[in-house]
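Notes for the one structure printed next.
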Amino acid sequence: MSIEQDILNLLAVKNIISSDELNCKSTDIHGVLLSLSSKKVVDYTIIPIVERVLTPQGRQVEKEGSQEYNLITMLMKSNLSIDNIDKTTLKYAFKNKWIKMENNQIVLSGTTIQDITQKLLRNLDSISKDEFEELKKRKLVDINKKNIYKITRGENFNIEQKDIINELTTQNLFNISDTSLLKKYNFNLSKVSRFFGSLHPLTKIKSEFKRIFLEMGFSEMNTGKYVESSFWNFDSLFQPQNHPSREIQDTFFLKVPRLNDLNDVDSQYINRVESIHSSTSIPVDEGYDKCYSKGHNNVWSVAEAKKNILRTHTTAISSQMLYKLAQSNLKAEIKNYNIKLFSIDKVFRNETVDATHLAEFHQVEGLISGENLGIKELIHTIKTFFTKLNIHQIRFKPAFNPYTEPSMEIFGYHPQLKKWIELGNSGIFRPEMLLPMGFPKNVVVIAWGLSLERPAMIKLGLKNIRDLVGHKISVEFIRDSPVIFMNK
């Protein structure tokens, strides 16, 4: 007789039955009950049970007595050498104070002897938790987990089950007399998960940043070059050659090719950059507004400017775009310095990796060039940008940057870390940077740069940047990430 029929027969005479009454495995019962309950023939509840059971070794001790008790029996007949006795047996015999050592011989101590271990095993259900754990350490007992099913009649209960019609066909469509035999639709079934390729959360956020920039009227810069000369990355930005960030502790220098020939840089522009950096007197070309800055008052080396590096910021691209803008206006009859540019790409810093820093990360950068721009317009633009990202808690802190003055650090509040974390830097590009390029004095360029990863951490509620980027993140994290991030 089948398990299904056994259940139906028992329920015909009893209102409720237990799976213990069925002489079969719970795994077999579970499948039958799922089938019957889907037809509403039976209802059932699962009661998890934890049992204390004897191991094979425990059953032997229950039957024949513990090793320490049997040791005492042997000692009653003759003395034994300590070398011939199991250490575990000795341990428990000494613990019970049944034996003692005399002249390297084990002898009885004279105390009353009772096989406590055997007694505990025979009363397994009533012993304390500590006593059970002690027996478990000796591998005499174990825990057995199982499910007990309490089964009752369902609304469609019938001892004689008719076959359910699972599908309609041209043969049975017009010949079904009892529609109750049609299998009901189950709208509560969990969906079948289908796994497709998923975009990394940073890729999605990058697309949203790009959309926001485009909405604000910005054009995207081409940032395909990871390797830059030190000239464009540092010198064109009026960053002194003895600045700490230009040392190997902060910057990745290339071994091959080690130097850049600077063929993409006009020699006269190199001279103007050298003049603004150096204390030496170098003639400035006619037609360029002269910068009266004292510079850095140090000797500028073109050899240092030729060193190839992995770019430390995308501002290296910004400086090239601004130089092209200035040069094109020098040749144009109608001047137009109004431009809004942005970039989102990787940069590299030789930093110690920790919860909020990586050696490789994405930099988001925006700049606006035009007349009558100042710190007020910069703050307004940054706040507008972050409002579109739905990050409203923004602070500014005065800072120093070699190529911007005034400069400000941008901080955003992290709800999970419950503290303000640095998002990026901002400022107004110095005349020492712009005038050698060919900009007139009345043109101002405001700019800001920030990490892509930091806002992503805030929106995803992550405390460690390595949970967002790296080999340890799970596929499920990527698959389950929201389609749109910045709308909440």
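Keep in mind that glycine also has a Cβ here, set from the backbone N, Cα and C atoms.
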Name the residue, out of Tyr226, Tyr269, Tyr337, Tyr403, that Swiss-Prot lists for the same L-phenylalanine site as Thr315, Gln363, Val364, Glu365, Phe429, please.
-> Tyr403
Distant-in-sequence Cβ neighbours of Val364 (L-phenylalanine binding site), under 8 Å, six or more positions away | Phe209, Phe342, Ser343, Ile344, Gly424, Gly449, Leu450, Ser451, Leu452
Could you tell me which of these binding-site residues, Thr315, Gln363, has the fewest other Cβ atoms within 10 Å of its Cβ?
-> Gln363
Could you round the CA separation between Gln363 (L-phenylalanine binding site) and Glu405 (Mg(2+) binding site) to a whole angstrom and send it over?
-> 20
Here are the binding-site residues: Tyr403, Phe429. Which has the lowest count of other Cβ atoms within 10 Å?
-> Tyr403
For Val364 (L-phenylalanine binding site), just give me the three-state DSSP call.
-> strand
Looking only at Cβ atoms, how many others are within 10 Å of the one on Glu365 (L-phenylalanine binding site)?
-> 24
List, in sequence order, the same-chain residues at least six positions removed whose CB sits under 8 Å from that of Glu405 (Mg(2+) binding site)?
-> Gly427, Ile428, Arg430
